[in-house]
């Protein structure tokens, strides 16, 4: 059985695809590209309109491939498969199976049924973490791996479809996480990146309280892991105990990804975000007080229904004041089935786009300034690859750069080992977001 996996969307989808690949290869089947595959699994994203469009375009591209070779089978997986399974099942008869993100552990059974001539649809969510799904082959450079600690979300932000696509929050047992972390370390992983829809909520459903600090204490005991990084931290769930552990443990990256979404109290209330603007200020102050030189990343939505120019200006002022190292932004996407989609005051696309560009232009200046503070410093860089065009140009990341979303560090050298750490003196800022450095002998 020759199988191709096409992955779209976020890091959570990457992990899901890695799990499916592990299950498939464990049974002796091989992975290949879509052109040569008997079965094509397309793991889709449906978080915002642009992601849905990308997913639909990819599905239609694969349908055209199937028209040239009708023996090919297409399995639709991921968030789009869950939320729109009925519509896609009816309107795209070329689909041979639909597999929701809560059912990925059943991928082999689905492939076997499809091979037998059945048309299969499996969607829905388990009530607790599905443990049998965690045989996994990592796509990323061996030195870094995402580690999913929970599935689903129970925050119910008014703009978000994630609970519809992935179900309510389900924490993964500590021992399961540690087992996978040990396997990753044994295979050469140096950096573990913890992910979930809300990492800071971890443990509430299993252990009756926020349990991320305890999990981190266990992870840092794994000898061959050098960095543990936190992404997707919901601010209202960030405890003082978690701050203390981050400050104390040298293996935990002094880096926090804290999606705030906005800085206007009325907009945050309409978004159904927990916690006040004042509490956000206090959290950031605590982080910077107890973890000096911490790197902060955040994400914001512009053009939320009813957002006035004054409210948007308040967000820009907040960015100027906070000086986040890294920021991502989205224009608001009106998602069917969400409370925000029914709100009055939907903002025209041209205004949303203009606000997005204003915000990112401001943040680019801030990021350049933050990067300039690295000049002359000697920083530990995890080397991840080499330029295809220049054999003496390597690239990697420091502790202050998360994989895929932040900048990178370029290092000129003739002989560096990929997957190893090197001391690098930062010599210049490249295109505002990246750094250039030299090896310190």
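Heads up, the Cβ atoms here are built off N, Cα and C, so glycines get one too.
Per TrEMBL, the features are:
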type	residues	note
BINDING	10, 45, 79	[4Fe-4S] cluster 1 binding site
BINDING	153, 157, 160	[4Fe-4S] cluster 2 binding site
DOMAIN	1-116	domain 'MTTase N-terminal'
DOMAIN	139-369	domain 'Radical SAM core'
DOMAIN	372-441	domain 'TRAM'
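You'll find the Cα of residue 45 ([4Fe-4S] cluster 1 binding site) roughly 13 Å from the Cα of residue 160 ([4Fe-4S] cluster 2 binding site). Spatially close to residue 153 ([4Fe-4S] cluster 2 binding site) yet at least six residues away along the chain are 160, 162, 163, 166, 168, 169, 197, 198, judged by Cβ distances under 8 angstroms. Here the domain 'TRAM' (372-441) returns a mean pLDDT of 95 for the predicted model. Sequence-distant neighbours of residue 79 ([4Fe-4S] cluster 1 binding site): residues of the same chain at least 6 apart with a C-beta under 8 Å from its C-beta are 9, 13, 44, 45, 46, 47, 101, 161, 162, 165, 166. A Cβ within 8 Å of the Cβ centre of 10, 45, 79, the residues given for [4Fe-4S] cluster 1, is found for these other residues of the same chain: 8, 9, 12, 13, 44, 46, 47, 51, 78, 80, 165. Look at the domain 'MTTase N-terminal' (1-116): DSSP puts its residues at 66 helix, 25 strand, 25 coil. Across the domain 'TRAM' (372-441), DSSP classifies residues as 1 helix, 34 strand, 35 coil. There are 21 other CB atoms within 10 A of the CB of residue 45 ([4Fe-4S] cluster 1 binding site), with all protein chains counted. Around residue 157 ([4Fe-4S] cluster 2 binding site), the C-beta neighbours below 8 angstroms that are at least 6 residues distant in the chain are 261, 271, 272, 273. For residue 10 ([4Fe-4S] cluster 1 binding site), the same-chain residues lying six or more positions away in sequence with a CB closer than 8 A to its CB are 45, 47.
There are 23 other Cβ atoms within 10 Å of the Cβ belonging to residue 160 ([4Fe-4S] cluster 2 binding site). Within 8 Å of the centroid of the Cβ atoms of 153, 157, 160, where the record puts [4Fe-4S] cluster 2, the same chain has further Cβ atoms from 155, 156, 159, 161, 162, 163, 197.
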